[in-house]
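Right, one structure below, let's go through it.
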Amino acid sequence: MAKLTLNDIEVKVKKVLMRVDFNVPIENGRITDDNRIVQALPSINHVVENGGLLVLTSHLGRPAGEYDPEFSLKPAADHLATLVDAKVHFAEDCIGEKAESVIAAAEFGEIVVLENVRFHAEEKQNDEEFSKKLAAHGDLFVNDAFGSSHRAHASVAGVTRYLQPAVSGFLLEKEIKYLEESINDPDRPFVAILGGAKVSDKIGVIENLLTKVDSIIIGGGMTYTFYKAKGWPIGNSLVEEDKVELAKELLQKAEKAGVKFMLPLDSVVAKEFNNDAEHKVVDEDGIEEGWMALDIGPQSALSFGNVIKSAKTVVWNGPMGVFEMENFADGTFAVAEALAEATKFGGTTIIGGGDSAAAIKKAGLSDKVSHVSTGGGASLEYLEGKELPGVSALTNK
Ligand SMILES: Nc1ncnc2c1ncn2[C@@H]1O[C@H](COP(=O)(O)OP(=O)(O)O)[C@@H](O)[C@H]1O
Ligand SMILES: O=C(OP(=O)(O)O)[C@H](O)COP(=O)(O)O
């Protein structure tokens, strides 16, 4: 990435405005997964240890453009205070007197966490005045919010119009490095695995990957739109009817491109969307009326596993089945195991997407793969070949 990074600039006695993605899951005021905060620590510690005053901005959830205690960043600020040696201050607003007074009282080597930027509707509108107000908090800007970098919002992109240099933080740099290398200069065989439920979100990714990968593996709810395109019965399985024609085209394009396009050979079908429902394994053309496919079957797990294990680059987005239910989790866990094996044999393995990250965590294999991305939407848009506004807005080297 030919953009300035934190390593290229001096932060000593500077006010450093840094956008992070502290959009973490919170239940009853308690953070249930702090991965996004932990992943931002290298940049955070770099600034405070080198004598900068760090002002952090982030969004949390999708509030309606006004203050809403349910979406306060205070729990994230409190949690950050337990992870760093530096003093952490919290400002109850991200602009105006409430923010300015807290920043003025903080010292170099300390941290100020500003309240949720989405408590102002202007954030998502990428508003000029709002961007200017945020920019006024710093002498320079750092974007370390990879997970939000596909959003052309004020705190991610707009702010760079008024605050330069605008540099990449270490997490953003790491995320882009993995994705860029995997897409543009992959060690081969390069295998992409796409699953999950959101066919329409991912179909564009398949299109872009067709020109890059050696094999594409389709699993999860994505599968049955392709089955329908092939004329196979799908019972009550998940399908996006308006994407069936596109699925047909993609199958043809894959053949033309010489890409191995792997659909599950078998599925676990159930009578209902319920862990305790009656279930059985059927072949690819054997899904009967009254049954829905909720996982890939054992033959698929085996054949997918063999391809994955011998790959040198693997990108995985979307679980193979409804892994949240024990009876339909085997396919996803088998793929997770295969990724861990590929990594052990020197492959680069990258996982994107909230549910896929949760699945690999549940399988206890998060530290056995090369990289678990902090951005679902952001990594998908990158893989789709789209420019990320939060990256393109940064200062060129
Ligand atoms: N065969 C299936 N039928 C219905 N839902 C499925 C199926 N396979 C996977 N899913 C569901 O897909 C969801 C994840 O999809 P998605 O949001 O696209 O993934 P990610 O968050 O990793 O991008 C999971 O909640 C999982 O239960
Ligand atoms: O959680 C996020 O996206 P993700 O679930 O696609 O990784 C980011 O924080 C972006 O949040 P948004 O989709 O509300 O803009």
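A Cβ is built for glycine as well, from the same backbone N, Cα and C atoms used for every other residue.
Per TrEMBL, the features are as follows:
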BINDING   Asp21, Phe22, Asn23, Arg36, His59, Leu60, Gly61, Arg62, Arg118, Arg151  substrate binding site
BINDING   Lys202, Glu324, Gly353, Gly354, Asp355, Ser356  ATP binding site
> Cα distance, Asn23 (substrate binding site) to Asp355 (ATP binding site), nearest Å?
Replying inline: 15
>> Among Asn23, Glu324, Gly354, please name the binding-site residues whose Cβ is nearer than 6 Å to ligand 2.
In response: Asn23, Gly354
>> Can you tell me which of these binding-site residues sit near ligand 1, meaning the Cβ is under 6 Å from at least one of its atoms: Asp21, Gly353, Gly354, Asp355, Ser356?
In response: Gly353, Gly354, Asp355, Ser356
> According to DSSP, which kind of secondary structure is Gly354 (ATP binding site) found in, if we only use helix, strand and coil?
Replying inline: helix
> Looking at the binding-site residues Asp21, Asn23, His59, Arg118, which ones sit with their CA no more than 10 Å from the CA of Glu324 (ATP binding site)?
Replying inline: none
>> Using Cβ atoms only, which residues of the same chain lie under 8 Å from Gly354 (ATP binding site) while being at least 6 residues apart in sequence?
In response: Gly376
>> Nearest by CA distance to Arg118 (substrate binding site): which of the binding-site residues is it, out of Lys202, Gly353, Ser356?
In response: Gly353
> At its widest, how many Å does the recorded substrate site span between Cα atoms of Asp21, Phe22, Asn23, Arg36, His59, Leu60, Gly61, Arg62, Arg118, Arg151?
Replying inline: 18
> Rounded to a whole angstrom, what is the largest C-alpha distance between any two of the residues Lys202, Glu324, Gly353, Gly354, Asp355, Ser356 that the record assigns to ATP?
Replying inline: 21
> Minimum Cβ neighbour count within 10 Å among the binding-site residues Asn23, Ser356: which residue?
Replying inline: Asn23
